Amino acid sequence: MVSASHPEALAAPVTTVATLVPHNATEPASPGEGKEDAFSKLKQKFMNELHKIPLPPWALIAIAIVAVLLVVTCCFCVCKKCLFKKKNKKKGKEKGGKNAINMKDVKDLGKTMKDQALKDDDAETGLTDGEEKEEPKEEEKLGKLQYSLDYDFQNNQLLVGIIQAAELPALDMGGTSDPYVKVFLLPDKKKKFETKVHRKTLNPVFNEQFTFKVPYSELGGKTLVMAVYDFDRFSKHDIIGEFKVPMNTVDFGHVTEEWRDLQSAEKEEQEKLGDICFSLRYVPTAGKLTVVILEAKNLKKMDVGGLSDPYVKIHLMQNGKRLKKKKTTIKKNTLNPYYNESFSFEVPFEQIQKVQVVVTVLDYDKIGKNDAIGKVFVGYNSTGAELRHWSDMLANPRRPIAQWHTLQVEEEVDAMLAVKK
C-alpha cells in the first residue's frame, strides 16, 4: 500500500543516488587519465601549429625524415669516435708508447747512432781523430782520354788526334755531361783548338785532328795540354780534367796512340778579365742581324778606386775590314754593368757566314785613352763557345740566342782576326 500510494517518493532517492555517483567519481581522477588528457591537449596544440605552417604534408614528412637521419648520424659518429679513442689508448699501452715518437726524434736517433758507429769504427781500427784526418783520400776518378800524336817532318807540323773519352764524371743534373776537349801547346797559349761538344754523354767519340805549325827544332821545348770540359751555355764551363804531354818524351819515329787518365786541372794563372753576355738574332728574309748587349760580370779593375767605367763596342767585320761600329752607354763605377741595349746590322743572307761580330769591353777615361778590358768575336772562323753561339743563331732564325762569353786579351783576339782575314 505504501509503495503504491507514494511512487515518486520511492523513486526520488534512486535518482539522487544516480546523479551523485558520477559527481563523486570525477573528483578522485586517476593519474593515468590526467596524463592522457595532457598528451591529447599537447597533440591537439601541435596539430594546430602544424596546420598553420604553409607547406604541403609531404614536405613536412620529408623534413622530419631528414632531421631524424641527421640525429642518428651524429649519434653514430660520436659513438664511433669514443670507441676509436679507447682502442688507441689500449694499443698505446700495449706497445709502450711507441706511437709517441715523432720525426725529429727519429732523426736525432739516427744521428746519434751514426756518431756512435763512427766511434766504434775508430775503436776497431785504432785510429785517433788526428790520424784519420791525415789519412790520404782516395783519388777521384775523372775518366780517361784516348789520343794520337804524329809529326809531319816534310811540312813541320804536329798532328794531334782526339779520338774518344770514357768514364767521365756526370756534372749535369740529369746524370750526364756535355764534354768537349781543348788542345793547346805550352808555353804559347795563343793557338787553341776545341772539339765539337757532344751532348749528354759520358763516353764521347770525337775522332778529330788538329795541326800545330811547329819546327821540329822547337818541338822539344813544348808541352801539349789536353783538357776535357763540360759545356754550359749560361755559365762558365767546368773543367773535368786534363793531362800534359812533354814533347821531349815522345818518340816521333812512329804514330803514338794511347789512353791517359785525366788529372785534376791546375788553377789557371791567367788574369781574369771578366765575362760578357749578349744575344744574337738573325732574320734571313730581312737580312737583319741583331746584337743585344745584356750584361757583364767580374770585370777587371781598371781605376785607382778598384772599379771601372765600362762600355761595349761592337764592330761588324768582313775580310779584316770594319763595316759598321756601334757602342753602348757608359756605366760608372761598376764591375758588373747591366746594359740590355740592342743594335742592328744589315747583313744579306749570302754574306752572313762571311762576317764577324767583334765585341770589346773598354774602360772609359775622361783624360787619357780608353783602355780595353777584354775582347771576343763570333762569326766567320771563330772557335769554341763563340762558334757554337754563332751556329746556334743560324740554326734558329728569328729567335734570340743568349750566351755568356769569357773575355780574352785584346792582343790575342786581334792576332786571331789578323790571321783569319
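Glycine is treated like the rest: Cβ placed from N, Cα and C.
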In Swiss-Prot, which of these is labelled phosphoserine: Ser217, Ser342, Ser382, Ser391?
Ser342
Out of Asp303, Asp392, Asp414, which is the one Swiss-Prot records at the Ca(2+) 5 site of Asp363, Asp365, Asp371?
Asp303
Hey, which of Thr112, Thr128, Thr195 does Swiss-Prot call phosphothreonine?
Thr128
Annotation S-palmitoyl cysteine in Swiss-Prot: match it to one of Cys77, Cys277, please.
Cys77
Position flagged as phosphoserine [Swiss-Prot], chosen from Ser148, Ser235, Ser344:
Ser344
With DSSP assignments reduced to helix, strand and coil, which class does Asp303 (Ca(2+) 5 binding site) get?
coil
Could you give the Cα-Cα distance between Leu171 (Ca(2+) 2 binding site) and Asp178 (Ca(2+) 1 binding site), in whole Å?
9
What's the CA to CA span in angstrom from Asp371 (Ca(2+) 5 binding site) over to Asp309 (Ca(2+) 4 binding site)?
10
Which binding-site residues are spatial neighbours of Phe231 (Ca(2+) 1 binding site) here, meaning Cα within 10 Å, out of Asp238, Asp303, Asp309, Asp363, Asp365?
Asp238
Given the binding-site residues Asp172, Asp178, Asp230, Asp309, Asp365, which lie within 10 A of Lys236 (Ca(2+) 3 binding site) by CA-CA distance?
Asp230
Within 10 Å of the Cβ of Phe231 (Ca(2+) 1 binding site), how many other Cβ atoms are there?
20
Asp238 (Ca(2+) 2 binding site) and Asp303 (Ca(2+) 5 binding site), distance between Cα atoms, whole Å:
30
